[in-house]
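According to Swiss-Prot, the active site, charge relay system annotation covers S355, D430, H507, on the basis of similarity to another entry. If you look up Swiss-Prot, you'll see 281-406 marked as domain 'AB hydrolase-1', on the strength of sequence analysis. Swiss-Prot lists 114-558 with the feature topological domain 'Cytoplasmic', giving a curator's inference as the kind of evidence. The transmembrane segment annotation in Swiss-Prot covers 60-80, 93-113 and rests on sequence analysis.
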Amino acid sequence: MAKLLSCVLGPRLYKIYRERDTDRAASSVPETPTAVPAASSSSWDTYYQPRALEKHADSILALASVFWSISYYSSPFAFFYLYRKGYLSLSKVVPFSHYAGTLLLLLAGVACLRGIGRWTNPQYRQFITILEATHRNQSAENKRQLANYNFDFRSWPVDFHWEEPSSRKGSRGGPSRRGVALLRPEPLHRGTADTFLNRVKKLPCQITSYLVAHTLGRRMLYPGSVYLLQKALMPVLLQGQARLVEECNGRRAKLLACDGNEIDTMFVDRRGTAEPQGQKLVICCEGNAGFYEVGCVSTPLEAGYSVLGWNHPGFAGSTGVPFPQNEANAMDVVVQFAIHRLGFQPQDIVIYAWSIGGFTATWAAMSYPDISAVILDASFDDLVPLALKVMPDSWRALVTRTVRQHLNLNNSEQLCRFQGPVLLVRRTKDEIITTTVPEDIMSNRGNDLLLKLLQFRYPRVMVEEGLRAVRQWLEASSQLEEASIYSRWEVEEDWCVSVLRSYQAEHGPDFPWSVGEDMSADGRRQLALFLARKHLHNFEATHCTPLPAQHFQMPWHL
């Protein structure tokens, strides 16, 4: 009877993976003797085959889940309509509650029938036995066997806790349960007295901004967190996860962030290969509708690096909602996991981000200054110009206030706090992070990210003549135009390198540098173009085109 109840309440099982190399798939948790017998993958098909009863019950429950999601998103309009029609009176609500209760009882009965179907299936009984044993004792052997199954990630045991590193226990400098530290925007009206009366006056605007951010704004900014989209993408996500596990020996893990969100991760270890780049770990930060199963992790994987992918809060197996604070909390536990559980030194970690993933990448660079490098592909400097682009002009004040208070993705501000090597990849046909049309390459916000970075690091070089030369170079939309502008100013790269190395040897590596202070205008132009070319590479593609492995290069450094 206990096993039947476990089958009724147990998670949905999607797939049984082919047997993998046990040494590479084993967890780093010390092994203890308690374990359950391993499932034989040779006798069962790798795709889980539910019996007819379980299959049909699953279909009914999945359909009910979709209807519930549609009802949830349309509830404000439905309540308004019912109110206008007078259907919210007590005489109408009571019969409706009876219908709803009957429907819930029917769905509970369907769930029980699904449990009976699972109970009669030896594949599911074997799986639930392994899952229960792993929850009781997370030995290396139990976790290895559990990794052979793909199931509802909510039932996966936590592999790493944000407080697990010994350096954080009792530390005042680490994150609290409220979250890690973020850079806060400056007040919109500096110098205004923050009196009680002013607070009352601003209250309606603050309430409106909060409602917009937590309803329409968050879902527009992170469409991958919408349940219906995830439901539609589920077959593709399962296929991508199977590829990472079976072909790349990926290891899935659940991390618990300081805010209580559970973060879904996938690690592919290449340290045992002959390729030297396998010693470096690339942590990938996906876009606003990207998942590690089908996202940018494929680029460093093809290039031979060790890779750690993770899903935003609210995406696929990760819980929570993707607001900036939750995003930073998730990134923090991912980096801690890479250092303290996977065993990578910060100097061997590269942060690679695509599009909106630039926020978490630049936060990690700011918070972990010893990491090796940062690569930002198709990213931007600030969210406000892009948000204003897609909203009506009459909403300008509301949009600006909402972004600054609740969705402040200040990539350039965070990136300027990082002292290490940086590479920006600009898509020359990008249709997402341009503020006008894709053909207008100067409206690409990647340009602003580059200019702000160079102006912070080399303020004496990026004066009027240097800034003008870099802007001309950024207007080039092809390699031929780039080379033409570069040769027009007769940039001597050896001279530029020698100047920078001499300054570094005398004054140290910390930015900002005062190099270029006593330099001629021609010298500043040469140095500005040289630095721009080293920090930004063009890729002739649209926003969503996967970056080929040959374009994945480590950033330049002296």
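The backbone N, Cα and C atoms fix where each Cβ goes, glycine too.
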Folded-back contacts onto the transmembrane segment (93-113), same chain, C-beta under 8 angstroms, at least six residues removed: 8, 53, 57, 60-61, 64
Rounded distance in angstrom between the Cα atoms of D430 (active site, charge relay system) and H507 (active site, charge relay system): 39
Neighbourhood of S355 (active site, charge relay system), C-beta criterion under 8 angstroms, separation at least six: G287, N288, G290, D377, A378, S379, I432, I433, H543
Which of D430, H507, all active-site residues, has a Cβ with the fewest other Cβ atoms inside 10 Å: H507
Number of helical, extended and coil residues in the domain 'AB hydrolase-1' (281-406), per DSSP: 60 helix, 21 strand, 45 coil
Segment confidence, the topological domain 'Cytoplasmic' (114-558), expressed as mean pLDDT: 94
